[in-house]
Amino acid sequence: MKKYVIVTGGVLSGIGKGIFSASLARLMKEHGVDVNVLKIDPYLNVDAGTMNPNQHGEVFVTEDGYEADLDLGHYERFLGRDMTRQNNMTAGQVYLRVIEKERQGKYLGNTVQIVPHLTEEIKDRIRALEAELLVVEIGGTVGDIEGEVFLEAVRELQMEEGKENFLFAHVTYVPYLRTTNEFKTKPTQQSVQLLRRIGITPDMVIVRSEFPLDVPSMNKVALFSGVPRDFVINLPDTKNVYEVPEILRDMGLHEKIASKLNVELKKSTFNWSYPKAFKPYRIALVGKYLGTDDAYKSIIESVFLTGIEKPTVVDSQMLEDMNDEEVKKVLDEYDALIIPGGFGRRGVEGKIKAIKYARENKKPILGICLGMQLMVIEFARNVFGYKEANSTEFDPNTPYPVVDLMEEQKRILKLGGTMRLGAQKVKIFPKTKLYEVYGGVEEVYERHRHRYEANEEAFPELFKKPGEEGYKLVVSAKSDFIEAVELEDHPFFVGVQFHPEYKSKVGAPHPIFVYLRKVLEGSQ
């Protein structure tokens, strides 16, 4: 019989339900349990593809081309396995499917309602995921109007599948009031009471806090939540999220869950390896989304997993207003640059200035997706003298469209879910840095998310094959179009059309980030 851990949130959003869910799943996997994870997002978007990264964080792309919430990135990195579109459910998907069924006459003339039609659709999708143990994370907080139908659905599911097969874990937050030097548990108490009114009684309360809670506060949470004291778990802030699985292991979380759900655990050596000492290199992530690190989460974590301190986001718009000397003064403080993907013209000219600086000053630089396209634009402008060179994304009338909309994209009018997405085959050419990155492998699959491509057909003079003469961009990888470019006689000037950051895992960061570290160490 399938077992379920339902993770809900209270008091605040963004307090770590995703990290807790991923850590719990990894812990159970280490003890031989066949585990899977489902993230439920109560928003009405069909997927995360058109959402603003400043508001929602990065869009994570799966192997099968699904544009997902960033929590799926946590699941992949922690579990060391790929997620698919089945690992994410949104309210938009559920409503859309129910309306489609109604139009098809699937409800036989019944009045279509939240209960039972939406709740049945939700339960069917939850049941469809195969696993011995399914961890279901419900986004948002208890009390959000968008999430009520999902809480009702899991309440019904518990009744249908048996209470003995369910564990409800409520992740909440206890603030520390500095004016009185005490923790305040009242918001957590009220959050649990609200969950109970919906018909769900938590079996476990995970208390997030800035500092470790004192014993009286923990006892108070247990008393007013009606949860046994040993099922109230405090998770204070940590230096990095990769400590959390070890913390939960030391608390015996896996044993508590196995006991409650009657799951058999196998002995484990807990093979969990992440960097604990860091090289003192400074990497500038030249981007425009400054509100939160979540906008570039997978890049930041990929760098961190190589044993380098997390990159600093440098405002590309700030660089736009600077001359070359001012740009140099800012970027000289860093050992390497990363130009990430993105959309729209805001901040683009600042990124191009950063690329010019890196090219002229032999500073290691990695361009990702848009970053690679901007490398082509910078080279066309400043080496070939095509001063008006641009992408048709930013200037549809440019006389030098060195980056252009892919041919198959020109017939597409909708934005959502229509880009070139997911894992695509990439051919790597020998005698290039990228060939060294992959250890001599000539064919790989990498994840993509783009509509535009380097316009090699119209501007072949910008590019050359490995080993050819002339100061041009070396095409180091191709599919039906250019997948990567680099420069000879430069420590590391590499641009890739794909997103390597999506494939990094704990203990196995993507090789391009590992190679960048080796360049900084002087070993390449």
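The backbone N, Cα and C atoms fix where each Cβ goes, glycine too.
Reduced to three states, the DSSP call for C369 (active site, nucleophile) is coil. Just so you know, the Cβ of C369 (active site, nucleophile) picks up 23 other Cβ atoms within 10 Å once every protein chain is counted. Sequence annotations record features per position, and here Swiss-Prot assigns active site, nucleophile to C369.
Cβ environment of H499 (active site): V61, S298, G341, I368, C369, E446, R447, H448, R449 lie under 8 Å away, each six or more residues apart in the same chain. As annotated by Swiss-Prot, active site applies to H499 (among others), with the evidence given as sequence analysis.
Annotated active site per Swiss-Prot: E501 (among others), in sequence order. In sequence order, S298, I299, E301, S302, I368, H510, F513 are the residues near E501 (active site), counting only same-chain partners six or more apart with C-beta under 8 A.
Annotation comment: Swiss-Prot describes S13, K184, T185, K186, P187, T188, Q189, K220 as UTP binding site. In the three-state DSSP scheme, K184 (UTP binding site) falls into the coil class.
Taking Cβ-Cβ distances under 8 Å and a sequence gap of 6 or more within the same chain, K186 (UTP binding site) has no neighbours at all. The annotation CTP binding site is assigned in Swiss-Prot to S13, D144, I145, E146, K184, T185, K186, P187, T188, Q189, K220 on the grounds of sequence analysis.
For G14, I15, G16, K17, G18, I19, D71, the entry in Swiss-Prot reads ATP binding site, with the evidence type sequence analysis. The number of other Cβ atoms within 10 Å of the Cβ belonging to D71 (ATP binding site), over all protein chains shown, comes to 24.
The Mg(2+) binding site feature in Swiss-Prot is assigned to D71, E137.
Reduced to three states, the DSSP call for G342 (L-glutamine binding site) is coil. Marked as L-glutamine binding site by Swiss-Prot: G342, L370, G371, M372, Q373, E393, R451.
Per-residue pLDDT, averaged across the domain 'Glutamine amidotransferase type-1' (282-524), gives 95. Annotation source Swiss-Prot lists domain 'Glutamine amidotransferase type-1' at 282-524, citing sequence analysis.
Here Swiss-Prot flags 1-263 as region 'Amidoligase domain', drawing on sequence analysis.
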Among S13, K184, T185, K186, P187, T188, Q189, K220, listed as contacts of UTP, what is the widest Cα spread in Å, to the nearest whole number? 22
For E137 (Mg(2+) binding site), which residues in the same chain are close in space, meaning a Cβ under 8 Å from its Cβ, but six or more apart along the sequence? V7, K17, G18, S21, V37, L38, K39, I40, D71
What does DSSP say about E137 (Mg(2+) binding site): helix, strand or coil? strand
Just how spread out is the ATP site if you go by the largest Cα to Cα distance in Å among G14, I15, G16, K17, G18, I19, D71? 12
If I take the Cα of K220 (UTP binding site) as reference, which of the binding-site residues I15, L370, R451 has the closest Cα? I15
Note down the number of other Cβ atoms within 10 Å of the Cβ of M372 (L-glutamine binding site), including every protein chain shown. 28
